[in-house]
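Q: Taken from Swiss-Prot, the feature ATP binding site covers E134, E203, F204, Q205, V206, G207, P208, N255, Y256, S257, R319, R324, and the record attributes it to similarity to another entry. Annotation source Swiss-Prot lists Mn(2+) 1 binding site at E134, H253, E338, citing similarity to another entry. The Mn(2+) 2 binding site annotation in Swiss-Prot covers E136, E196, E203 and is backed by similarity to another entry. According to Swiss-Prot, the L-glutamate binding site annotation covers N246, W247, R319, R340. What Swiss-Prot records for Y336, F337, E338 is ADP binding site, and it gives similarity to another entry as the kind of evidence. Residues or ranges marked as domain 'GS beta-grasp' by Swiss-Prot on the basis of sequence analysis: 26-106. Residues or ranges marked as domain 'GS catalytic' by Swiss-Prot: 113-392.
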Amino acid sequence: MSVSHSSRLNKGVREQYMKLPQGEKVQVTYVWIDGTGEGVRCKTRTLDQEPKTIDEIPEWNFDGSSTHQAEGSNSDMYLIPVQMFRDPFCLDPNKLVMCEVLKYNRKSAETNLRHTCKKIMEMVNDHRPWFGMEQEYTLLGINGHPYGWPENGFPGPQGPYYCGVGADKVYGRDVVESHYKACLYAGIKICGTNAEVMPSQWEFQVGPCEGIDMGDHLWMARFILHRVCEDFGVVATLDPKPMTGNWNGAGCHTNYSTESMRVEGGLKHIEDAIEKLGKRHDYHICVYDPRGGKDNSRRLTGQHETSSIHEFSAGVANRGASIRIPRQVGQEGYGYFEDRRPAANCDPYAVTEALVRTTILNETGSETKDYKNGAGFSRAIGMASPRDAAVF
């Protein structure tokens, strides 16, 4: 089994240092999204006392030329703390902090999608948009081969692995359980986990979260996942289709509702929202993975519990549709719906913002409106359309 060398270090030796008292000092780990739009980075500093609110954590900086975010001649970037969590690795009173990234001129970095998302969420605060995101991922050895799979072959066909139990059906549960507990300790709104259809593939769910909290909590949950995997010497990939062939891909199904959908008669509002989404399918495909639909073109094939990237569809309890209305929601007449199109490596800020823009702000077409100056600008420009994406 291919695991990292660092995972073989004696953790007992490390533990004796972790137990040392640290006085009044507090370690704060700043976490941010790098220039790929997928990776997370972190660095830690010492504060003189435990921060009680996010406002007590100072801004910081980092070398953006080493994170694909700046040139070496003008490399300093700003870290702006926005959400604070408990640190499950160094324990209380130490903290993890989710940060926005600003450039030298204090404008948002290109991959800082939180900045605009927060403004949009504040605009629709009265609608109380709730989200729950189902993060699928695949465990790999450091050689890039799925963890637990035969070195020179494949496991048996899909069927016994989903929510499976037993050493011959699930691989890496120690990672999953450790991540779950670490998220609970941190204050992440994690609400469940399960083994997925492909062996070595897992899912955890975060939510319900209102507004901007969805992106903050999912990104920090991803960071914690990568740190837990680091301790175990394995890798968690969010690739939407890590294995070609007759294997399921990995998505980030997004459950969504507004206050009007969650009360009696809400099904009508759900249906209205789905109709709006159907008219803007191409736009959503472009923002549902970091490569403008290229990644999802490998996953959304109409097979393996996915819809076709070329067509919009919706149905009750239909996991082969773009939008699924849960059976209970259809029966009770209110609740939420599930958008099954976002890829596992999507940016939750982009996904949640797009849902709000289309269903609440009634935006249409491929352009998103800049509500500050009234001018429209297109995030879809330069991105592959879903029809073009199929050729990549």
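Cβ atoms here come from the backbone N, Cα and C positions, even for glycine.
Provide an account of the burial state, proximal residues and distances for the features listed.
A: Residue density at P208 (ATP binding site): 19 other Cβ atoms are found within 10 A of its Cβ, drawing on all protein chains shown.
Under a cutoff of 8 A between CB atoms, and with a sequence separation of 6+ in the same chain, the neighbours of H253 (Mn(2+) 1 binding site) are M133, E134, E338, D339, R340, P342.
Taking the Cβ of E203 (Mn(2+) 2 binding site) as centre and 10 Å as the limit, one finds 22 other Cβ atoms among all the protein chains shown.
DSSP assigns R340 (L-glutamate binding site) to coil, not to a helix or a strand.
The Cβ of F337 (ADP binding site) has 25 neighbouring Cβ atoms from other residues within 10 Å, across all protein chains displayed.
Note on the domain 'GS beta-grasp' (26-106): mean pLDDT across this stretch is 96.
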Q: Excluding Y336, F337, E338, which residues of the same chain place their Cβ within 8 Å of the centroid of the Cβ atoms of the recorded ADP site?
A: N255, Y256, S257, I270, I323, R324, I325, P326, V329, G335, D339
Q: If the L-glutamate binders are N246, W247, R319, R340 per the record, what's the largest distance between their Cα atoms, in Å?
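A: Answer in Å: the longest Cα-Cα distance is 19.
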Q: Helix, strand or coil: which one is N246 (L-glutamate binding site) in, per DSSP?
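A: In three-state terms, N246 (L-glutamate binding site) counts as coil.
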Q: Taking Cα atoms as reference points, which of the binding-site residues E196, N246, Y336 is nearest to P208 (ATP binding site)?
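A: The smallest Cα gap between P208 (ATP binding site) and any of the binding-site residues is with Y336.
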Q: Using DSSP and collapsing to three states, where does F204 (ATP binding site) fall: helix, strand or coil?
A: strand
Q: Can you tell me how the residues of the domain 'GS beta-grasp' (26-106) break down into helix, strand and coil by DSSP?
A: 9 helix, 39 strand, 33 coil
